[in-house]
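S.K.: Sequence annotations record features per position, and here TrEMBL assigns compositional bias 'Polar residues' to 1-13, 22-31. Look at TrEMBL and you will find 32-44 tagged as compositional bias 'Basic and acidic residues'. According to TrEMBL, the compositional bias 'Acidic residues' annotation covers 246-264. Marked as region 'Disordered' by TrEMBL: 1-44, 240-268. Annotation source TrEMBL lists repeat 'WD' at 152-194, 195-226, 278-319, 320-361, 364-404.
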């Protein structure tokens, strides 16, 4: 009578275990509907302020999560049994083969390779299941509703930056590649004032925190401070505009720029002379901003330096050097003497001027491509955007690693953060503007334009 080998007996035992295990799975699936019905009856009997449809949807989602992890648990048990069977077989074979340490080493290598493959299978199954669960939650998130409120037509080239005054009268400022900056009535869309004192592209515009003064940075290697006086027109009755959902299929075509000539630049008064001109850079001045209090300003340039100036004397106070490539942006903290600069060298730097006698700097290497902008929020956060298609939220109290990372499908340009609602607006190279909260959850996508979106802005009423 033939004697069954140890390996064939182990294989037969594993098959019997798998067969009995598959029967238990079928029994579980057969009672799934009964269990779901019982849970629904219990849910309906409980007191809750949530609508019944929402509660039912949540129950379906949690039921799906339970089934997914139950399947993972079952597969994990099955794979562990296979590993144990394999180890028993290899141990039995190792005892019958002579060869000393060499044979044991070969068996250990074979067992390690098999275990590694099974472990990789477990990881792949787990990732696929959890991705499916996360997608289920994302699909149920309600989408925000966006509405086109006003268009501001008058510039003859691209607009690089936007800003809103912090004091009355509240106006919108725009900086353009057509060598001009314009002030607009937010309500009527009418041009109130045009600054034409620069000899190059106007790359940024920022308003003084308390006075009617504007700071502009230009490709002519200078930054200008100029005073303005405007009178807001009487707002006209606004026609009823139906709300437009933020769907990808909706397009707002750019109007012909000539259409705005009739009531735009021709009727708009202009200023040609700056009250203060800041000269020290040897390259394009890409951005500028006021420090808290408005007595100093900081500028960022393609000459790899940021300069700190005294407004009253126009003198250079500090030259902030250290970046290895051109600077792309600078931003000041709204309540503290802090400055953040970003650069094409994939870093952004935090400069601390709270102590007048000494200033410190911290370098952050959280991106793999050009950091296009880094901005402060009202709280203790910094938000950085990059050409590596990511946006990262940092805590000023612990800047070792970001507290949230947003991954997108296109390079991110100059970002802005809502003051009160803490919503991040991301303008992309692919003509999209997306809205996220500070934890990285996407809230909406604005209808896209026919041109690249270079910047975004929240006004004092948290309207984008």
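Using N, Cα and C of the backbone, Cβ positions are placed for all residues, glycine too.
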S.K.: For the repeat 'WD' (278-319) and the repeat 'WD' (364-404), does the number of C-beta pairs under 8 Å, pairs 6 or more apart in sequence, reach 3 or more?
M.R.: no
S.K.: Please spell out the DSSP helix, strand and coil residue counts for the repeat 'WD' (278-319).
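M.R.: Summed by class, the stretch gives 0 helix, 23 strand, 19 coil.
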S.K.: Tally of helix, strand and coil residues over the repeat 'WD' (320-361) according to DSSP?
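M.R.: Across the repeat 'WD' (320-361), the residues distribute as 0 helix, 20 strand, 22 coil.
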S.K.: With DSSP as the yardstick, break the repeat 'WD' (152-194) down into helix, strand and coil residue counts.
M.R.: 0 helix, 21 strand, 22 coil
